[in-house]
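Chemist: Dropping a structure here in structure tokens format, bear with me for questions.
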């Protein structure tokens, strides 16, 4: 990984997005790294299991040929191993245009800004193209049948970006939105139940769109934590005067 380019990208992201925006994209980058490492560990474990099974086979030559053929087919389907530098850079720059252009179709403008900046940094063109592709696909769910040929960095970036929505912060955000929309209405158990239904619907939708098993596993954990958080809020409000 070219640390100079990554450092320049991080500095650029902080300068453009400000401290709050940079804090968010830094969290996305951390999620990206975690998901990539877990995917790598799963792949290694799967390969080790296949090797153990192959050792017990009597017809080793036939098995070897079969594995080589399957490996070639799999390589044609898969986009390849994760390029960690591309993933980190795309994580920092995937929202880079939002500070000046908002979130409408931001993936397109962010990709353009990322390409321009990376070329100014003399980044390798292959890296530039892969970052561009990852940013372009990060905002839209990829159909399951197309994931095998999609940008692996883009798939991971999508998952990392969506995981931020599956936390207790989602409840707080919903409460703030409710307060802004209905400033004179009390926050009651009925209101919290409606918010819970909304969060559950969002969770199901987001969960089904996730691309990787590590992301789905983490999403389940985050959702359970969200439910626990909400239970605490409901318990607190049940002992207090409506606000």
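Cβ atoms are placed via backbone N, Cα and C, with glycine included.
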Chemist: Can you check which of 1-40, 41-80 TrEMBL lists as region 'Disordered'?
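Modeler: Residues 41-80 are the ones TrEMBL records as region 'Disordered'.
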Chemist: Summarise the model confidence on the domain 'HD' (77-164) as a single mean pLDDT, whole number.
Modeler: 92
Chemist: Go ahead and report the DSSP secondary structure tallies for the domain 'HD' (77-164): helix first, then strand, then coil.
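Modeler: Residue counts in helix, strand and coil order: 61 helix, 0 strand, 27 coil.
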